[in-house]
Amino acid sequence: MRTQWPSPAKLNLFLYITGQRADGYHTLQTLFQFLDYGDTISIELRDDGDIRLLTPVEGVEHEDNLIVRAARLLMKTAADSGRLPTGSGANISIDKRLPMGGGLGGGSSNAATVLVALNHLWQCGLSMDELAEMGLTLGADVPVFVRGHAAFAEGVGEILTPVDPPEKWYLVAHPGVSIPTPVIFKDPELPRNTPKRSIETLLKCEFSNDCEVIARKRFREVDAVLSWLLEYAPSRLTGTGACVFAEFDTESEARQVLEQAPEWLNGFVAKGVNLSPLHRAML
């Protein structure tokens, strides 16, 4: 039997770089919220212990794909602790709607969905804490998708405090370019010393993203989309880009602006949600 699992997008409602560690990783403060929009992962169990991704990504080797890496990591961790039923395997496919290099967390969300779904389907019985710890080895954003609640994140993104920001409507626009995260984080002009503040203080301030100035400077497409969106609503970059978003109080307001978008702008309208669609599907 084939089952389907949501793999939602996220937005960084704000993102501040507070420092850089000796190992090169940047410390930050950010606010994650999910969208009721994303990829869909389909899983069909097999009994020969194999993992197969039926929808490969061009340019990414099968074993390097985060989906396959997540499945194999869960398989090894559960097996090492005697919690993997004999023969556990899976055929996995993905209906991909989220762009790569868009700042929407697509790859991290895919990995988290696979960890949560296979833990359930294989009946491994690992806790969310264990899954989140595994997820962190795959990527800094994976734990928030595993835990499934909007969160204030610190450290390199792994220290999570659940929060409930307003669930607004968003017009999310993709400028048509992909921005690899290292391009932003290695830029010498990236702000790296924004003062740390409490979540209470940050929620009262106007939200912004320290990466935005670099993305706008280096990618004229990002600058063009933001310039257009800012004529209609508060707008900013998510993550390290390339996607940008404008926030609205109602769906109709967001859709009216999308209808006026220039032909070169690709976008969608989605609602911000504090409970991940993945976890909502499991209730």
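Cβ coordinates are placed from backbone N, Cα and C, and glycine is handled just like the others.
Annotation comment: Swiss-Prot describes K10, D141 as active site, evidence class sequence analysis. The feature ATP binding site is assigned by Swiss-Prot to P99, M100, G101, G102, G103, L104, G105, G106, G107, S108, S109, with sequence analysis given as support.
G101 (ATP binding site) sits 13 Å from K10 (active site), counting Cα to Cα. Secondary structure from DSSP puts G103 (ATP binding site) in coil. DSSP assigns S109 (ATP binding site) to a helix.
Look at the Cβ of each of the binding-site residues P99, G103, G107 and count the other Cβ atoms within 10 Å; the largest number goes with G103.
Within 8 A of the CB centroid of the ATP site residues P99, M100, G101, G102, G103, L104, G105, G106, G107, S108, S109, the other residues of that chain are A9, L98, G239. Recorded residues D141 (active site) and G105 (ATP binding site) have their alpha carbons 7 Å apart, per Cα-Cα distance. Ranked by how many other Cβ atoms sit within 10 Å of their Cβ, the binding-site residues G101, G105 place G101 at the bottom. The Cβ of S109 (ATP binding site) lies under 8 Å from the Cβ of S7, P8, A9, K10, G38, D39, L98, D141, F145, each of which sits 6+ residues away along the same chain.
Cβ neighbour count for K10 (active site): 27 (other Cβ atoms within 10 Å of its Cβ, all protein chains included).
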